[in-house]
Amino acid sequence: MKLLDGKKVSEFILKEVKEEIDQYISQKHLGYDLSRPSMAIVLVGNNPASESYVRGKIKACEKAQINHKIIRFEEDITAYDLLNEIKYLNKSHFDGFIVQLPLPNHIEPNSIINEISAYKDIDGFHPLNFGKMALGQKSMRPATAYGILKLIQHYKIPTNGKHVVVVGRSNIVGKPVSIMLGNDFDIGRATVTSCDIHTPKKLLKEETQKADIVIVAVGQAGFLTSNMIKEGAVVIDVGINRLETGKLVGDCDFQEVSTKAGFLTPVPGGVGPMTIAGLILNTFEAWKMKNLIEK
Ligand code: NDP
């Protein structure tokens, strides 16, 4: 079994992005001095998991030399005040920004996400970006799905015509990764089966057992066991679950699955860093769009 080292691939992407930015800046695109890309992160309250994810994003910005700022609000901020902040950020100098999820219960996340300018939506959650992504058009891509595809691409894992089963159908992970793998992304078009909580257990197992690639994003430790996959399958574990012991694990029974899978992502160190790489790639894209730089 080969580990799909998201940490290493993410480092590689961040270095590449930094060097490309350096190059554009040194070339003085269209004769203008360019400032480095910039990202803002809106953080509401002090959820420890969110704090940790934000620290990871800041570290990545530092590595890619992307300017960054955390904008903090108390847990009891009103939806109205948060929306005003979004409107300000839409007009600000930041090339892109995210609102770290989850938000407190009194704020409906879609009411906030839908107000983010699609051009600055580096999480790729805005309906316009999601729609363009689904149509296979150039857009900000949902960051986790983007990261997963870059990981698959880095390890040259064939997807064209392959059977992929995605377990979990959330708007931020399962749904976009299913759509992107079925589109002509740079790595070819897979045959995708999408499962969720309504999929009968027996059917789900029959599907995962046949799959060349299984992507599991349900948020349940030990969900995917070795008897659910075929020998040599590629397994991408998106889940992040904290056990009572404090240990972080994915949705796979890692010990078991690692004895049968051909490729497997570790947790931590697999999809997590690749999500951040996706965010950085989107920020770079937003910066290029603003400065009219074509690829
Ligand atoms: P959601 O809870 O939004 O979605 C989970 C999905 O799994 C839903 O579609 C749900 O179905 C489905 N599901 C739940 N139980 C089952 C089951 N028994 N059988 C089949 N499908 C099931 O979670 P997210 O998509 O946001 O996140 C999933 C996991 O990935 C979490 O652990 C999260 O922490 C992690 N995550 C990791 C990221 C990373 O960078 N590594 C990024 C984002 C998330 P239904 O919709 O019908 O309820």
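Including glycine, each Cβ sits where the backbone N, Cα and C put it.
Annotated features in TrEMBL:
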- Gly168, Arg169, Ser170, Ile197, Ile240: NADP(+) binding site (BINDING)
- 4-123: domain 'Tetrahydrofolate dehydrogenase/cyclohydrolase catalytic' (DOMAIN)
- 142-290: domain 'Tetrahydrofolate dehydrogenase/cyclohydrolase NAD(P)-binding' (DOMAIN)
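Mapped onto this structure are the features recorded in TrEMBL.
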residue : record               : DSSP (3 states)
Gly168  : NADP(+) binding site : coil
Ile197  : NADP(+) binding site : coil
Ile240  : NADP(+) binding site : coil
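Ranking the binding-site residues Gly168, Ser170 by how many other Cβ atoms lie within 10 angstroms of each Cβ puts Ser170 at the bottom.
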